[in-house]
Amino acid sequence: MDDTKRPLYLPFAGPAILEAPLINKGSAFSEEERIFFNLEGLLPYVIETIEEQAARAYAQFSNFSNDLDKHIYLRNIQDTNETLFYRLVRNNITEMMPIIYTPTVGLACERFSKNYRRNRGLFISYSNKDRIDDILNNSTRHKVKVIVVTDGERILGLGDQGIGGMGIPIGKLSLYTSCGGISPAYTLPITLDVGTDNQELLDDPMYMGWRHRRIEGQDYADFVEAFMEAVHRRWPDVLIQFEDFAQRNAMPLLERYKDQYCCFNDDIQGTAAVTVGSLLAASKAANTQLSKQRVVFLGAGSAGCGIAEAIVAQMISEGISEAQARSQVFMVDRLGLLQDNTANLLPFQQKLAQSSATVSQWHIEGDSVSLLNVINNAKPTVLIGVSGSPGQFTEAVIRAMHLHCPRPIVFPLSNPTSRVEATPEDVLNWTNGQALVATGSPFEPVTIGDETFEIAQCNNSFIFPGIGLGVLACRAKRVSDEMLMASSRALAECSPLGTTRTGSLLPKLDDIQKVSKYIAFAVAKVAMAQGLALPLTDELLNKSIEKNFWEPKYRRYKRTSF
């Protein structure tokens with residue numbers, strides 16, 4: 001049944017309704033509602049539809065000249081009338097997604113304290129570590145089903161932003177709703193304020209976080225443990241997404257909790273899933289398989305290694321051995337190629353290190369096995385950037401790759417735009433329009449000669465909303481590796497280029513809600529097959545997906561007793 005057709009009974013009236021963003025309708029309150037809820041005189045005379053409100057809001061939005069001001073404007077609507085906010089974003093998803101999330105959200109995080117206006121979500125400070133249960137009970141959202149949590153240490157490619165990192169959970173949950181149909185009433189952004197090592201923030205009199213160096217080691221681990229246990233007590237079935245934790249914490253936290261709670265790390269697993277899905281589509285478009293590709297990474301942190309492990313798993317599923325799959329994946333960091341004799345490798349890097357005996361037979365120019373050396377010797381067909389270092393895919397690197405690969409796949413994925421390893425225009429110019437390009441941030445189409453290329457945005461928003469919707473639809477208890485792999489394959493099946501050999505590598509953002517539902521179905525099917533969710537027929541699963549897919553429409557309100 002469509003919930004928008006049923007009335008919602010409210011026990012309060014007057015200005016309190018206008019101050020509640022989840023139920024405020026603004027000028028759309030009917031005459032009857034204005035009388036019953038003591039709103040007469042508090043609103044202008046005209047009663048508008050949500051589309052009329054959205055048209056005015058879009059006109060106001062268009063008057064702003066820079067993206068940060070547009071972001072602030074949209075956040076203000078979100079904080080006053082969430083239904084209108086999501087109608088506006090749904091109507092203009094391609095234009096507004098870069099404003100509410102990457103790349104603009106990075107600037108919003110940097111200026112979070114200076115631009116702070118109104119509370120949203122929860123800030124849990126280390127100094128309040130003994131009162132986490134009380135803080136969770138203070139939330140204005142009571143039926144929470146999805147949490148995005150960060151500690152603000154590795155915000156996009158911008159580093160430690162302290163509590164300014166709250167912009168990321170807010171933005172991510174906005175996409176859970178805009179793209180995946182998760183009701184905003186069921187979402188909660190959380191920042192774990194464990195201090196900051198950003199001296200600029202510590203010295204800033206406007207900084208609103210806990211002025212303390214970051215808590216580390218066992219104190220940090222105990223704090224996160226207390227948080228996870230408290231969340232589980234408050235909302236036992238909630239889905240928790242870890243977001244923008246530093247490399248040294250991201251993988252250990254994921255390994256510790258992924259089999260204990262329903263959780264995943266979007267930087268590691270979501271990025272891996274969307275990248276593998278994009279690579280599957282690109283491989284299909286080139287009439288080959290992922291297992292036949294040779295892949296070079298620039299960036300060997302938790303995100304890069306997470307993608308690499310997902311690629312290895314997909315290659316193995318296509319029939320090659322694990323040893324063969326790992327021999328086709330090359331990880332390069334700022335010191336050069338990761339090898340089995342490289343000092344101080346992190347545990348998650350060790351299995352991805354190349355054999356030094358093999359590398360010793362290469363022709364190396366210079367003192368280290370640089371990215372260009374790897375390109376010249378490994379002769380890759382795929383190049384992926386997750387380094388956060390702009391301009392690293394130089395003309396020499398791209399031309400060297402194109403020299404031995406007629407149709408190279410190049411994914412400069414670092415966010416925000418200022419951190420991208422190469423622009424799509426440069427990559428396409430250096431390969432005479434032959435490269436298959438996808439980026440982490442949005443870019444305008446590129447014209448080479450008479451041909452215009454749509455630039456696919458290899459953005460996690462194609463994956464995590466569908467995962468969330470699938471988890472809610474089947475009430476999954478965990479997020480397994482197999483569920484994530486299913487999301488990759490489902491995304492590849494939605495690729496225009498992969499299915500028709502024409503168009504973009506990834507679907508248009510206008511189709512993202514359909515894609516999310518398709519991914520949700522695939523994810524839920526695997527969860528049920530693994531015994532991690534309620535057993536449902538395909539018909540019941542589709543009904544559950546539709547039931548859980550919230551639409552930004554106003555409901556009728558009726559008065560109940562105080």
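From the backbone N, Cα and C atoms, a Cβ is placed for every residue, glycine too.
Note that the structure is predicted; figures quoted are calculated from it, not measured.
The record from Swiss-Prot ties GLU243, ASP244 to divalent metal cation, and of the options ASP203, ASP204, ASP219, ASP267 it ties ASP267 to that site too. Between ASN415 (NAD(+) binding site) and TYR101 (active site, proton donor), the C-alpha separation comes to 11 Å. Inclusion criterion for the recorded positions TYR101, ARG154, LYS172, ASP267: a C-alpha placed within 10 angstroms of the C-alpha of ASP244 (divalent metal cation binding site); this criterion is met by ARG154, ASP267. You'll find the Cα of LYS172 (active site, proton acceptor) roughly 7 Å from the Cα of TYR101 (active site, proton donor).
It is 16 Å from the Cα atom of ARG154 (NAD(+) binding site) to that of TYR101 (active site, proton donor). In sequence order, ARG154, PHE242, GLU243, ASP244, PHE245, ALA250, SER302, ALA303, GLY306 are the residues of the chain that are 6 or more apart from ASP267 (NAD(+) binding site) and have a CB within less than 8 Å of its CB.
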